[in-house]
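**Q** Below you'll find the structure I mean.
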Ligand code: AMP
């Protein structure tokens, strides 16, 4: 299986690149942010609890997102692989993902990190807020809170994959197509290793 973690702070372009990747590769896109927003839209209890935290720019508890990912992995046992977008966001989530994949005799192939500085992220998220309808994109304080959550809780996940020799960083500022090409080169090298 080809399992890629698309990593980076909020506003780095993970969603945009994921959409392009699923058009190119037969991989299943798993975005915990999208899954949580679906729960909110469906009015489930999980969604209602998550919304309170999401509206404050705070991460939801590890158990909640790990449980959602576990369900999705079980529903898609025969998939060619997955693109994980916005997950794992803590080292605990990364460790749990490793053991869930191990139960299915597979593993993360590599992490691709999109690097974008905080000023650019803030600008992009506030611009997205004008059209996305996402409550957490609407004001600068909330956007900065999300970046702060990323810096304290999520950034260490990069080291987790670097220790496994799976970390690749890409400059996330530039033309969408050029960034996409760089991502594809990394994925293709993993796909070649799989087929060798
Ligand atoms: P995103 O769409 O990835 O920007 O996520 C939006 C919000 O959903 C985040 O600010 C968190 O509150 C929550 N969220 C999404 N993914 C996770 C995750 N893996 N762990 C914890 N919270 C998450």
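Note that Cβ sites are derived from N, Cα and C of the backbone, with glycine treated the same way.
Nobody curates TrEMBL annotations by hand; they come from automatic prediction.
If you look up TrEMBL, you'll see 11, 12, 13, 14, 15, 16, 128, 174 marked as ATP binding site. Feature annotation from TrEMBL assigns region 'NMP' to 31-60. The AMP binding site annotation in TrEMBL covers 32, 37, 58, 59, 60, 86, 87, 88, 89, 93, 134, 146.
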**Q** Here's one to test understanding: among the binding-site residues 58, 60, 134, whose C-alpha is closest in space to the C-alpha of residue 16 (ATP binding site)?
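**A** That would be 134, nearest by Cα distance.
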**Q** What average pLDDT is reported by the model for the region 'NMP' (31-60)?
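**A** Over the region 'NMP' (31-60), the predicted model scores a mean pLDDT of 97.
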**Q** Where else in the chain does the region 'NMP' (31-60) make close Cβ contacts, counting only residues six or more beyond its ends and a cut-off under 8 Å?
**A** 14-15, 18, 68-69, 72, 85-87, 89-90, 134-136, 142-143, 145-146, 149, 153-154
**Q** Can you tell which of 58, 60 has the most other C-beta atoms within 10 Å, given these are the binding-site residues?
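**A** Answer returned by the neighbour count: 60.
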**Q** When the Cβ positions of the binding-site residues 11, 14, 60, 128, 134, 174 are compared with the atoms of ligand 1, which fall under 6 Å?
**A** 60
**Q** Near residue 14 (ATP binding site), which residues of its own chain have a C-beta under 8 A away, given they sit six or more steps off in sequence?
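**A** Set apart from residue 14 (ATP binding site) by at least 6 residues yet with Cβ under 8 Å, we have 6, 7, 8, 31, 85, 86, 114.
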**Q** At a 10 Å cut-off from the C-beta of residue 15 (ATP binding site), count the other C-beta atoms across all protein chains.
**A** 18
**Q** What is the number of other Cβ atoms found within 10 Å of the Cβ of residue 32 (AMP binding site)?
**A** 23
**Q** Residue 134 (AMP binding site): which of the binding-site residues 11, 12, 15, 128, 174 have a C-alpha within 10 angstroms of it?
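**A** Of 11, 12, 15, 128, 174, within range: 128.
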**Q** C-alpha of residue 174 (ATP binding site) to C-alpha of residue 58 (AMP binding site): distance in Å?
**A** 28
